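Trainee: Have a look at the structure that comes next, please.
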Amino acid sequence: MALAVLRLALLLLAVTFAGPLFRRFSKYKTPFCARYQLPGCPRDFNPVCGTDMITYPNECTLCMKIRESGQNIKILRRGPC
């Protein structure tokens, strides 16, 4: 009986501390467009995958697309889609 209570307590602790980690990593990242002076982006290749499932060469080009289209595109992940 004591072993079952101990297992339950450990499970509750694990869920309590792991929950915020999963929520933090499951959210999409908002691009920080204020750092770029648009129009005109650097030519560095650091691809990002937008929530519109388009791969952008870098975060600046994603910001340019947001500015032109008015869409609320977030960064799904770093790297190609």
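Each residue, glycine too, has its Cβ placed from N, Cα and C.
Keep in mind that this is a model prediction, so the values were computed, not measured.
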Trainee: Consult Swiss-Prot and report which candidate among Cys49, Cys60, Cys63 shares a disulfide bond with Cys81.
Mentor: Cys49
Trainee: If you look at what Swiss-Prot says, which of Cys33, Cys41 makes a disulfide link with Cys60?
Mentor: Cys41
Trainee: Of all the disulfide-bonded residues given, namely Cys41, Cys49, Cys81, which is spatially nearest to Cys63 (disulfide bond) at the Cα level?
Mentor: Cys41
Trainee: Out of Cys33, Cys41, Cys60, which of these disulfide-bonded residues is nearest Cys81 (disulfide bond) by C-alpha distance?
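Mentor: If we rank Cys33, Cys41, Cys60 by Cα distance to Cys81 (disulfide bond), first place goes to Cys60.
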